[in-house]
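Student: Supplied in structure tokens, the structure appears directly below.
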Amino acid sequence: MSKVTTVFIGALVLLLLIENGFSCTNPGKKRCNAKCSTHCDCKDGPTHNFGAGPVQCKKCTYQFKGEAYCKQ
């Protein structure tokens, strides 16, 4: 059972690294809802206030027809 748990935790860590990526050498600094291709395009972008305080969009998520947009 401990091997299964170790493999599961390792897989979760790997997925987090893939989703969030490693450090960006040249952040794109795009705003929220801007088109992007990787999370580095959105990193260090301007903060926005959507009514719940300042938010910085850091993730590049796919939504429509394979197009990706910067989201929080």
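One is the number of the first residue shown, and numbering goes on along the chain from there.
Backbone N, Cα and C atoms are what each Cβ position is placed from, and that goes for glycine too.
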Student: CYS70 has a disulfide partner in Swiss-Prot; which of CYS40, CYS42 is it?
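Tutor: Here Swiss-Prot pairs CYS70 in a disulfide with CYS42.
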Student: Quick test of reading the record: Swiss-Prot lists a disulfide for CYS60. Which of CYS36, CYS40, CYS57 is on the other end?
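Tutor: Cross-referencing Swiss-Prot, the cysteine bonded to CYS60 turns out to be CYS36.
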Student: Any idea what DSSP makes of CYS40 (disulfide bond), helix, strand or coil?
Tutor: helix
Student: How many neighbouring Cβ atoms, not counting its own, are there within 10 Å of the Cβ of CYS32 (disulfide bond)?
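Tutor: By my count, 18.
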